[in-house]
Structures are given as C-alpha cells and as structure tokens.
Amino acid sequence: MASTPSLLRLALLLLGAVGRAGPRPQGTTVSLSETVQKWREYRRQCQRFLTEAPLLATGLFCNRTFDDYACWPDGPPGSFVNVSCPWYLPWASSVLQGHVYRFCTAEGLWLHKDNSSLPWRDLSECEESKRGERNFPEEQLLSLYIIYTVGYALSFSALVIASAILVGFRHLHCTRNYIHLNLFASFILRALSVFIKDAALKWMYSTAAQQHQWDGLLSYQDSLGCRLVFLLMQYCVAANYYWLLVEGVYLYTLLAFSVFSEQRIFKLYLSIGWGVPLLFVIPWGIVKYLYEDEGCWTRNSNMNYWLIIRLPILFAIGVNFLIFIRVICIVVSKLKANLMCKTDIKCRLAKSTLTLIPLLGTHEVIFAFVMDEHARGTLRFIKLFTELSFTSFQGLMVAILYCFVNNEVQMEFRKCWERWRLEHLNIQRDCSMKPLKCPTSSVSSGATVGSSVYAATCQSSYS
C-alpha cells in the first residue's frame, strides 16, 4: 500500500500554497474537507468492489487492491493495468478521459519502484498540472518556500540583534529609535507568524496526509486554535504595513515641520501602528466566522470578504508611495539648493531612492493593485516571487539601514571600544607598578576618572 496518495498530496500542496500566497480565486470552490470526504466515499466503494467482484481464473495474477489513490482490479501477469482517474480529485472534471497505470509482472506481483517498497504508478494523465496556467509545478512552489523562509530567518535574526542594540545603548533612546523598535517588532512578529503558519500547514498538508490522519486533520482545521493562527498572521502582516506607514509619516513630518511635540505624536503613532489593524482584522475574522467558516480560513471563496483586509493595506501602501515621491522631491530641492553638480545630485538621489525603497516598502506598489483573482500563469508566479522574496528580506534591509550602518550606533560602539581600551590600559599600567608604590585604591580611582571623562564626553556629544 502506498504511504501517500500522490495526487491527493498535490491537491493538499495546492491548498497549502494558496494559504501561503494569499487569497484563492473566487471560482475555486473545492475545500480540503470536501476532498477528503470524497476520498472516503471512493475508498468505501472500492472496498465493496474488492469484496464483491468475481475472481479471475486460476493461475498467477496480481491481487486487487486499494493503494490510497486508486482502486485496482486483479491484473493478468505481464501486462499493464489501467483504471480511470479517481473522481474524488478536485480537478476530476478536467481529466475524465485520463487513466492511471500499473504493471503486473510475469510473477503475478505488482511492479515496484526501484529501491523502494512502493508500487510503480503512472499518474501523468491524471495530474492537475495538465490544466495549464493556474498552478505551478511543485518545484517552483518549493523554491519560493525556500527563498522566503531563508529571508524571514535572516530578517528575524538581524532584527533581534538590532533591537538589542537600540535598547542596550542608553544614548540611543529617543522617539525616532522608539519608532524603529516598533517597526522591528512588527517585522519580528510577522516572521514568527509566518513560521507558525508554515508549521501548521506542514502538519496539515504533509504529516497528517502521509499518516492518513484525516479525522485529526479535519478536526484541527475546524478548531479555534488553527483559525487563531491565521487570524494572528493577518494582524501581524497588517501591523507591519502600518508601522511602515508610521515611518513614512514620521520622516515626512521631520522634513516638512520644524516644530512638533514628539511625545504626543509618538502616542498617536502607537495607536496607528498597533491599533488601526485591529479595526479591520477583527471585523474580517467576524465575517469569516459568520459567512465563510470553512476549514482553517486559509482560502477565500468570496473575494469581497478578503477586501476587508486588503483595502486598508492598499491604503497604507498608497500613502507611503505618495510620501516616497514627496520626500524624493524635497531631497532634489535640497541638493539643488546646495549648488552641487549634476553628477553628484544624481548619485545622491539614487542613493536616497534605493535607501527609501525598503524603509517605506515602496516595492509593494509594483503588484499592489494586481488582485490575486486576476493574476494567472506567469504573471501570478512573478507576483508571488516578487512579493515573497522582497518582503521576506525587507526586515534584514531595515535592520541594516536603521541600525548596523547608522552613524550614531557606530559611534556608540566606537566609544565602548575606546572605554574598554582605556580601562584595559589603566589596568596593565597599574599592574606593572610596584605594589608598595601603587595602592589598590588607585586602580579604582584611575578607572573612575577615565569613566567619568568618557561619560562627560558622551553627554556633551548628545547635548
């Protein structure tokens, strides 16, 4: 008996890919639970056939069997045996004329795969990819999965380190860096939610499928915990977009207004970044529960419900893009006011533009208004590749630009290095003196003086 139904695994892969990539086109109505229920009915009919069908004449023949994919009759030795594509497949209507094949050897045994205990099967006529343009080969989906998993892992690690740096250095505590820290937190939560979501999908569409734990799989899909995982992911993604919007608004405020209350405006930013996403994620969850309570909420049969989340995110992307254009105009005017040559202006403008793109998420505009139900074939793959690759590595770029290459952060590290070197030299110099001429109190005294001078220097540099 085969350990995993290959075509059913492709069906689950399709559902899993949709859960990772976004909403499902409205025309697709087959859910995982429906597929499993049809598979169970197919298995029941097959077991009845295996029991009631008359046996072949005496002699060698391959035994009838159900291999968790198709129902096979007795096979004459030395011949191919074919049966119609199983009708429980989500795409069965498009492969009505197709067949799946096995080979019965002359010894009366089903042919097995090389170096495997699994029987050989030819499923080419029943494969869903024959339908053409809507879905992608498993290799392409796997490559996308690897790319964004690596991206989120690198971003998560870099953002945790960057957050520790901004929190650890007292002189870096200011409104601007508090906003950066909240942006880092939103990227970290987004990465964590993606990891948790992928772990849930891996169990549902891989482990449970391979072990045929259909009851456990369906009960998990219908559980509150599974839905909360995807609801949390939607909130983390939305909060990330709105903290990017906060960064854009704060940058524009610095350039356009000379005087404003940072403490008061920071409270407003907190409300926008963490509060506004609740205003549309919670209603979306309520609508899903009332009108589209299917499975684990990984797919959207009615795209109008998905717009409850999509439109506010498009609004944030659009506003940030307008801020990006406005900031570039301000940068150009300031560069021209400094009477710089055209070459220098172009170089600095290019540098500013490339820096602002990841910081404001401007790349999202490329495919932001190409709805998932309208993207097909190559366009959909390009859209998925662009969004998943850029978004997953965006946190890494933000950590680098806002922290690792920041002049203030580098200055703090240089001061720490200088202080450590000064204290180390004092200890070496004191230890080289004779004990009778150098009391132990002078060591602490010298270190205190060095530290106080460093502290005064730090305070003056930040005053």
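Note: Cβ is positioned from N, Cα and C throughout, glycine not excepted.
Taken from Swiss-Prot, the feature N-linked glycosylation site covers ASN63 (among others), and the record attributes it to sequence analysis. If you take the C-beta of ASN63 (N-linked glycosylation site) and look for same-chain residues 6 or more apart in sequence within under 8 angstroms, you find ASP74.
Per Swiss-Prot, the feature N-linked glycosylation site maps to ASN82 (among others); the stated evidence is sequence analysis. Secondary structure at ASN82 (N-linked glycosylation site), taken from DSSP and collapsed to helix, strand or coil, is strand. Using a 10 Å Cβ-Cβ cutoff, ASN82 (N-linked glycosylation site) registers 14 neighbours.
ASN115 (N-linked glycosylation site): 5 other CB atoms within 10 A of its CB, across all protein chains. Residues annotated as N-linked glycosylation site in Swiss-Prot, with sequence analysis given as evidence: ASN115 (among others).
Annotation comment: Swiss-Prot describes 140-164 (among others) as transmembrane segment. Sequence-distant contacts of the transmembrane segment (140-164), counting only residues of its own chain at least 6 positions beyond either end whose CB sits under 8 Å from a CB of the stretch, comprise 13, 17, 20-21, 181, 184-185, 187-188, 190-192, 194-195, 198, 381, 384-385, 388-389, 391-396, 398-400, 402-404.
Using a Cβ-Cβ cut-off under 8 Å and counting only residues 6 or more beyond its ends in the same chain, the transmembrane segment (176-201) has close neighbours at 16, 19-20, 145, 148-149, 152-153, 155-156, 159-160, 162-163, 166-167, 226, 229-230, 232-233, 236-237, 239-240, 242-244, 246-247, 250, 266, 269-270, 273-274, 296, 298, 394-395, 398-399, 402-403. Per Swiss-Prot, transmembrane segment is recorded for 176-201 (among others).
The annotation transmembrane segment is assigned in Swiss-Prot to 228-251 (among others) on the grounds of similarity to another entry.
What Swiss-Prot lists as transmembrane segment is 266-290 (among others), and the listing cites similarity to another entry. Below 8 angstroms of C-beta separation, residues 175, 178-179, 182-183, 186, 227, 231, 234-235, 238-239, 241-243, 245-246, 249-250, 297, 305-306, 308-309, 312 of the same chain, each at least six residues beyond the ends of the transmembrane segment (266-290), sit close to that stretch.
Positions annotated as transmembrane segment by Swiss-Prot, on the basis of similarity to another entry: 306-328 (among others). Tertiary proximity for the transmembrane segment (306-328) is limited to same-chain residues at least six positions away from its ends with a CB under 8 Å from its CB atoms, namely 23, 234, 237-238, 241-242, 244-245, 248-249, 251-252, 255, 276-277, 279-281, 283-284, 287, 300, 349, 352-353, 356-357, 360-362, 364-365, 368-369, 371.
The ADP-ribosylcysteine annotation in Swiss-Prot covers CYS341 and rests on similarity to another entry.
The annotation ADP-ribosylarginine is assigned in Swiss-Prot to ARG348 on the grounds of similarity to another entry.
Annotation comment: Swiss-Prot describes 349-370 (among others) as transmembrane segment.
Annotation comment: Swiss-Prot describes 384-404 (among others) as transmembrane segment, evidence class similarity to another entry.
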